[in-house]
Ligand SMILES: Nc1ncnc2c1ncn2[C@@H]1O[C@H](COP(=O)(O)OP(=O)(O)OP(=O)(O)O)[C@@H](O)[C@H]1O
Ligand SMILES: Nc1ncnc2c1ncn2[C@@H]1O[C@H](COP(=O)(O)OP(=O)(O)OP(=O)(O)O)[C@@H](O)[C@H]1O
Ligand SMILES: [Mg+2]
Ligand SMILES: [Mg+2]
Ligand SMILES: O=P([O-])([O-])[O-]
């Protein structure tokens, strides 16, 4: 038995912390004792985690493998790519469209989702709240096709509004009318698609934030109330800070869906060339481009579509990295 | 010590918010007429909302003070956000329920599309026959594929979340998984489908190179759905597990309970309601998927109980197909549309049932905080 | 059409057959396929025919990868694909022949206008966005008697890659090349602008919902919308199944193909009287040889039924397609008869 | 300026369960009143009704009156927010805001009332409140670190600092020293002594010596058995309660061998 | 059977921060040892190292030895789970399992260690443990109700019952009575007295009279200032510590006007 020992905390599978204090010669690490039950269980969880990595690696590999044809074509003969000007000029309008629609969806949905979550957890009558939450959960189940049909109906009703927008706010490029002074006759614009997307991601964001708001420790809420905080101040002091990282996660989940949603956008959007204005027809998202062209695609075209899928994958990666960096920066040190 | 504060500060009468709301709407309509020369619902709504906000704040701030006013505005904003969000949501549900409710009948639930052709729909539309066809096969497909997807994703998802929360600490693998799970949420559903199909085609080619088209099965679809479902399960579960107070784990450790048992018997039951709700939302998310099912499970018109061989239909693919590619195009497409809405209603009801079930389970297992 | 005689049923239906055959491909054939599979199954209770309307491209891809026994396609195979088919289908490669002929309507929704005549170049200009109101001189010229409003034209095209678009564009390219300067493909040229909608149904719905809209869609789906008469030679031809079949009969087969390959180069620019040149011809692709006799029997029985008078009539009823001519049918039947076991 | 609190015939319910029955007492301004009694007798419950904090608990309700300088805090038109601004509270369990730094925790209440507070005022106030809670020396070098990183006792003192920073008129303390070491306890008791020059202080404590030391008047609550409501047994000057109580029940409880 | 604990040159770290420095003491079997000292001096920290509970805190580590009957609990091949089964613990804050009923809470330790226990044994054990924690009478009619529905003091006693139900050899208590009323405290102190016939008991307390009443030996910890590590100042028989301490520091602390 060693004369002196030193152990580190954290779980059996946790990485040992580097020796943080200078005690040369004193510490000799004994083998961590792990019970069979713990070993099996932690191994199971680890395997599950690694399985996810494998799946993701599989998806990435699949995308890469299928993209080689496009990459080759891009190098040998860029004009063979759809649009005739090479892959990048084909894909960048799609990237912009995707980012814009997801950003709008997120900007619209997040405040509403927080509103719903707050309302159902802290404002609604106690008996009513679970029912409301339940109804909103249901919306996650409505298939994209139905959202698509609904969105088409919505689009028709939005044309008047878009006309109005372009009349009064046309000086803002995103609300500008086209050269004939007209907006989309059908209302099937990127703005409409984004609004429908925002409704689609609403239940996903709401569900998680609601669960988190519900978990705010009573002690925290009481601390604020006892200082004479109004309900809103209590929410700002206790509930929102407590839920911060959860809100970020929920938003990321919503973003994932907004980025990847295919069918509803494909049905609603009247795609076209990239335009700054969101009230005329035009623009296209990656997911919708894939959905619309996949059935008839073969050979190089199929590879192109999968390559833009890869691009979307990378976008998701970058957006998530960015979001994480922001969350890490803004969250309070420590705690 | 500063000035003395009054207990019974001035308070607006209870009905004030409602009065202001109604007044705002009237003013908005008037302004709408004066400036824009017409009645436009969105304009009036936006205008009314803004006027209401300003009025509530102004009135409350001058009478009750700034903080109370902020509280009132916040309450108004949150409540209106809720109400406003409910409008599309209710409209969607209503659309489904009214259209589906009008069309649904027992025959649709018990028949398949086998033998279905356009002429039958034309006869129905002409009033010469009853609505033919049905989607029993799609209900079965949905249930089987969803169950299979759950069987794959829930253990992987929950275990991964446990790994992240209980074991990974701040190690690199944990961080990598957390990050990549986020990335995974952004995989477009069709890509998930293509991936699963490519995977199983490769496997099928290795195992049975002779057989044509055996890669398209319900199970392949379940795998595709799992790719979409796992990240949602992980993310939700992870967040919920992190909320379990350390106190409880310590209490258990101090009793000499091994870590894994602490997790299984203390941590999971404490958070079961949240986990189940996360799983339900994940199921709801994938149960409505169309694109990945079509590329992985094919498109069946007949009943197939076998997940591992043969094509399958699910309710969303059925709805998609009926709506976008009616059995009889043109005038009689309405018949396909009716079947589609009935199927949509069934799908929503299915999720509603699942949701209820999850809530009942959660209630039984959840922390008992009632005094 | 002819009546379904007992002989025909026994020809198309062999009730001893047991098994499943799978097809993938064009969505345009979906409605017809629904009718065929339903009828075929009632005559052959042991057999199931699956068809997944994933799209022509997917159909050809999957068929050439050996994942389906037959495929439906809105376009015939190109040279490369013909070569590729030899790998899965034996030395003679794939057989292809038209099974589904459907006129494409130029449908419109303009208040107060019930009939419309359009020349190819006017159509091209409308879809290019060069003509933007209904009372434009060019339209007036085609319709001297009509009372055309000054409504803005909303030209609706398919947002998804489709056989309908490809055929429509091919027609314009052949008949109004000066005006239609885009390359022919299944994708509508984005630079021409206009409104886009997904699927035949989406196009029809958008036209129905929008006053002043015009678009092209499979004739069977346009319902009660106005259908333009198009200028062929010197006359304006109304859309009808017979008129559509006429174009196919007037067309030439693609050169340099094998015995069993009945691919057509459609004569879009035909001036034949009464022919309606905006048609979509959708093919079936089968292998010249399969690995076992059962499959051969099943495919033969199935395909024979599809092209039989009865099958074509059923599709016409349910899906509104134009039946094949007797002449073409007998050619196809010879091809089907030559399907054999590999080796 | 401190306030007098008159409690009249107060019943408190948790749903259907009557937790406290018929309490009546008069809490004098500028004094310290201690509530003592066995666990579960309703001390915390009574305390929370004095600033309407029980309303946070679903199903909790009161009947009766609580008058502050004659105004019923349960009267019509009374805003619980105003009540709580004047009646500060320190809880049995420390509850600093975990996302806020130590300094932000102290200033949390003040920031609510007056958004604009100059940096130097804020610094002054922070120091004053933390000194008052006898925490200043321990944390002065880490004011910007999170409050949740402190030890239990330190956290509790932080909460006291937070409560006194808003200078309430009445201060309710629910076993504020139960997690504190003697030195901190001494400081808090001194603080309570200081506070009573200006404020009305009500404290729940299990430590009878503490009650004896800091309070002017003591209320003894007891409970007849489980499921029975807690009742106010005796309310009198602390000296009387500890030397010569009226009721035998009080005598028995006090004369336990505790100190 | 109880065990002797030898602590040898124990340093405890939170990450880089040295919280406790060079503690050495011998805890006798069948005795009660009290740890006293000002807040933040590391009493809780030392206590947690005796059953390796500090390992639950990320970054916490120890160097030095803790011998139980001569076996180093930090030695190679020692399973912390086994250590904790023999060394029970009651925390400063009550933490009943919220998903479990009162009875399930009491039986949690037994059940979770998957010992089969017959229903009548379980009932017996529940009653025994709850009586030992002086909670039986209050909860005997609602054993199947959730444990989180009890008052703070009741919850703490429930946790004590839960800890003693597994019949450990050593019992660590971190301010177990800080939320308890005198009657419950008395019962717990009696219980501690009973327990020491069989078990080794280590208790952290702020109540010096409690230390004086229940403990045989007392360890006084102190801290030189914030950021400095806590140190064991004096460890001796309780009577010596309270009547005639060796160190002036101890004397100063003890002679505060606390009781
Ligand atoms: N939220 C609640 N819901 C239902 N009953 C409650 C609640 N809080 C307390 N009780 C019950 O009310 C009674 C009084 O509880 P209270 O917490 O006021 O006691 P206490 O005197 O403060 O005890 P302690 O000294 O243990 O803190 C107890 O029987 C308790 O079980
Ligand atoms: N989890 C932790 N991480 C970092 N530092 C900690 C942690 N827990 C305690 N400390 C620090 O270690 C020192 C000792 O803390 P400990 O909780 O042991 O004190 P204590 O004597 O139990 O005090 P109290 O009487 O207030 O409970 C303190 O300075 C504290 O700030
Ligand atoms: Mg209490
Ligand atoms: Mg401590
Ligand atoms: O039949 P389509 O290819 O036009 O969908």
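Just so it is clear, glycine is given a Cβ too, placed from its N, Cα and C backbone atoms.
Bear in mind that the values here come from a model prediction, so they are computed numbers and not experimental data.
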Which range of B:177-200, B:249-272 is transmembrane segment, per TrEMBL: B:177-200
Intrachain neighbours beyond the transmembrane segment (B:135-165), with Cβ under 8 angstroms and 6 or more residues off its ends: 108-113, 174, 177-178, 181, 218-219, 221-223, 225-226, 229-235, 237-238, 241-242, 263, 275, 279, 282-283, 286-287, 293, 297, 300-305, 307, 312-318, 339, 342-343, 346-347, 350
Distal contacts, the transmembrane segment (B:340-362) - CB-CB under 8 A, six or more residues away: 93, 96-97, 99-105, 108-109, 135, 138-139, 142-143, 272-273, 276-277, 279-280, 283-284, 287-288, 315-316, 318-319, 322-323
Any contact, the transmembrane segment (B:73-95) to the transmembrane segment (B:177-200), with at least 3 Cβ pairs under 8 A: no
Surrounding residues of the transmembrane segment (B:212-234) on its own chain - C-beta under 8 Å, 6+ positions past either end: 141, 144-146, 148-154, 156-158, 160-161, 164, 181-182, 184-185, 187, 189, 192-193, 195-197, 199-201, 203-204, 278-279, 281-283, 285-286, 289, 292-293, 295-298, 304, 306-312, 314
Positions on the same chain near the transmembrane segment (B:177-200), where near means CB under 8 A and six or more residues out: 160, 163-164, 168, 215-217, 219-221, 223-225, 227-228, 230-232, 234-235, 238, 289-296
